Amino acid sequence: MSEAYRCSDARAGRGARARLSPHALLSPQQMGSADRAAPAAGVPGVRLMEAAGAAVARAVQERWAPTRVLVLCGPGNNGGDGFVAARLLRDAGWPVRVALWGSRDALHGDAAWAADSWGGPVEPAVPGSLDGAGLIVDALLGAGLSRAPADELQALIDAVNAAAVPVCAIDVPTGLDGASGRCPGAAIRADLTVTFCRRKPGHLLLPGRALCGALACADIGMPDAALESIVPEAYANHPDLWSEAFPWPRSDGHKYHRGHVLAVGGERMTGASRLACLAAARIGAGLVTLAVPPAAWAIQAGALASVMVEALPPDGALARALADPRRNALLIGPGLGREPRGKSQVLELLASGRSCVLDADALSVFSGQPDALLQALHAQCVLTPHEGEFARLFGPVTDGAGGGKLRRARDAARRSGAVVVLKGADTVIAAPDGRCIINDNAPPTLATAGSGDVLAGCIVGLLAAGMPALEAACAAVWLHGLAADRLGWGLLAEDLPGALPGALAVLADMVRDSGEACSWRT
Ligand SMILES: NC(=O)C1=CN([C@@H]2O[C@H](COP(=O)(O)OP(=O)(O)OC[C@H]3O[C@@H](n4cnc5c(N)ncnc54)[C@H](O)[C@@H]3O)[C@@H](O)[C@H]2O)[C@H](O)CC1
Ligand SMILES: [K+]
């Protein structure tokens, strides 16, 4: 199966600087600098604005039947896009009104041109403007949001959210910070958001993702030269980013080519270890050994068939379990418990220098004294904290944490020198070199006991099979989300390992059908 599923060497980006990946996520600031660089690359701002407004008008016409449209325009270029969309919808025969937040005389540059090109009446934007509207286009604020909306704007936002009519937001719903996915104050809830050129982190991160509704990203003819020097703020998780490194079974391979996972479990929550070990075996590790305290040996050995179970010495020392160098990827945390012995076991595993996944109690045992852990980590380690475990290691979330979840995960990866998977509905995967990936395919049904154990097993299974740490984490998170999605409602964590083969088959089809590869920019 191997060659058919591999990415071809002819893919774009080898050697030469690759075109900016479609999965790149740009901060509003980066998008703004591309806008400013576009004219020098031969594309004037008004052409971008015309294309942006046209994309919005097209998206509206594709989604809704003709109705009375109210376009709410703001004082900047987001408002300019709104004026263009208003003109094009009117030209298509739709009844359109425009209401402006701010003064017509204060519009300048491309936005003033767009208002002139609309040429129709412009009323002041107040909550009463919404009366009679069948559809609202939100062109109040986009990338330029710089502070929480003040009271009067907040009243308008509240009125939009209270109106029982669909909303199409231009670029971002007004009030949403496209960089972080957070809202400094009130924000519009849209049914459709049309953004331009590349998505922004705030479209994938919560609560932003939930405010956007359906998301469309339109090509507005941004010249490649204007994007050339941009190092993306983050990437949206997608197989294009890591499929080249995916360890498809080789036709001439045997189980040792696919690596040997050593998982260290505890005495009590024995199911967690089993979930992780089964996931590691399902996703591609050649062998999986679970090492547990003597008291848990009979339970685990009786419950597992394809996973080998061995008893640790009574003091929990791991030297014997680590003696076989073919045990190339290690997992500790699921089912570990918080006995003090856990801490020395984690440090013993890390000292072996092998690839290692630390989850759950393997992180929590260092609560209050994270330095002992942080100093022992290395680049082939993957930490998989949820928000609570993350806060115990790296400190609580503070309101001033600029950049939100993305920034916190990136800072933690830099500080620890390990890959950090900050879990949640908007899982962020961060590498010590600054690369960040946001995952958006996880269904809410994944919020169930044991699903984190399965994820940890998926990551260590891919590490054992030879994937580098960042790629293994991204692939595991993506496959875990897809497996859950395919299971639908009512899933239990124990269903997930059995759903991995179906998810792997989807991945194989995607990779075979894709001619596209994306190289990272760092
Ligand atoms: N390539 C592209 O993506 C293109 C994007 N376009 C659109 O341009 C906007 C960004 O335009 P900009 O003028 O920089 O910002 P805004 O229109 O979002 O608003 C700036 C304006 O708003 C004021 N402001 C900021 N925060 C607040 C607040 N809380 N309350 C009140 N007023 C606020 C600020 O002072 C400025 O006056 C982008 O989103 C796209 O829609 C281009 O048209 C095409 C290319
Ligand atoms: K907007």
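Here the Cβ of each residue, glycine as well, is placed from N, Cα and C on the backbone.
There are 16 other Cβ atoms within 10 Å of the Cβ belonging to HIS386 ((6S)-NADPHX binding site). Annotation source TrEMBL lists (6S)-NADPHX binding site at 77-81, 142-148, ASP171, ALA272, GLY335, HIS386, ASP453.
In the three-state DSSP scheme, ASN78 (K(+) binding site) is classed as helix. When other Cβ atoms within 10 Å of the Cβ of ASN78 (K(+) binding site) are tallied across all protein chains shown, the result is 25. Per TrEMBL, K(+) binding site is recorded for ASN78, ASP138, THR174.
Taking a C-beta cut-off of under 8 Å and a sequence gap of six or more, ALA425 (AMP binding site) has these contacts in its own chain: LEU206, ALA442, PRO444, LEU446, ALA447. The AMP binding site feature in TrEMBL is assigned to LYS423, GLY424, ALA425, ASP426, THR427, GLY452.
Residues or ranges marked as domain 'YjeF N-terminal' by TrEMBL: 31-228.
Here TrEMBL flags 238-507 as domain 'YjeF C-terminal'.
For the binding-site residues GLY80, GLY424, GLY452, the ranking by surrounding Cβ atoms (within 10 Å, all protein chains) places GLY80 first. Secondary structure at SER146 ((6S)-NADPHX binding site), taken from DSSP and collapsed to helix, strand or coil, is coil.
In this structure, GLY452 (AMP binding site) is part of a helix by DSSP. Proximity of the binding-site residues ASN77, GLY80, SER146, LYS423, THR427 to ligand 2, judged by a Cβ distance under 6 angstroms to any of its atoms, singles out none of them. Checked against ligand 1, the binding-site residues ASN78, SER146, ASP171, LYS423, ASP426 give ASN78, SER146, ASP171 as the ones with a Cβ under 6 Å from it, listed in sequence order. Of the binding-site residues ASP138, ASP171, ASP426, ASP138 has the largest number of other Cβ atoms within 10 Å of its own Cβ.
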